[in-house]
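These features come from TrEMBL:
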- B:55-77: transmembrane segment (TRANSMEM)
- B:98-115: transmembrane segment (TRANSMEM)
- B:121-141: transmembrane segment (TRANSMEM)
- B:153-173: transmembrane segment (TRANSMEM)
- B:179-202: transmembrane segment (TRANSMEM)
Amino acid sequence: SDNEESHDEL
Amino acid sequence: MNIFRFAGDMTHLISILVLLLKIYATKSCSGISLKTQELYALVFLTRYLDLFTDFISVYNTIMKLVFIASSLAVVCCMRMHRVVRRSYDKDLDTFRHYFLILASFVLALLVNEKFTFQEIFWAFSIYLEALAILPQLVLLQRSGNVDNLTGQYVFFLGAYRAFYILNWIYRYFTEQHFSRWIACVSGLVQTVLYADFFYYYFISWKNNAKMQLPA
């Protein structure tokens, strides 16, 4: 899976 | 942000408010597992390590602070408050939750999005959150009867992750590069763990009876 830069979900 | 995620966050917030209401209104934490509360405090502390480094939105930052503060407040209150702590079911809340912490950490070392300090702790918090409810469910099973506020607390806590699953489905179909397998699979496991509780909660609600879990 491509890396999300930052986790935008709580 | 989509309606499913917002509904999920609000349901999560409601569950925490119901828990705080139960403890402050009744000055009792009977039926509440301190171990589950400690696990949740750990989940939020390890998941929001990026609190001061990655700014997503005001909403995101405020909610992170609320979740960290409220989970720590519950743990401190259950441990310190001289009236509340007397009602803690110490001899029923005996789940060995250290195994859950160890298992989640080992899994996070093996399965993560990137082998960095922050990503390993993020994956750890995701796995731990899926398992954190176990001491609470075991405690309710042992104590047999579930008082209304505790039942509502667990119900909202389970419902919030169910909303998140709808959020992930929605994002999968509306965003090209959306792949949160770690959160999706873990969130699915988490919601399934509540399934039997939901079943008995619904039965008691339908019969308008007090919720009884089979001993």
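In case you wondered, yes, glycine gets a Cβ from its N, Cα and C as well.
Keep in mind that TrEMBL annotations are predicted by a computer and have not been checked by a curator.
Note that the coordinates shown come from a computational prediction; the quantities given were computed from them, not determined experimentally.
Sequence-distant contacts of the transmembrane segment (B:179-202) (same chain, at least 6 residues past either end, Cβ-Cβ under 8 Å): 111-113, 123, 126-127, 129-131, 133-134, 137, 140, 151, 154-155, 157-158, 161-162, 164-165, 168, 171-172, 211-214. Between the transmembrane segment (B:153-173) and the stretches B:55-77, B:98-115, B:121-141, it is B:121-141 that has the most C-beta pairs under 8 angstroms. Residues 1, 9, 12-13, 16, 19-20, 23, 29, 34, 37-38, 40-41, 43-45, 48, 84 of the same chain sit 6 or more residues outside the transmembrane segment (B:55-77) yet have a Cβ under 8 Å from a Cβ within it.
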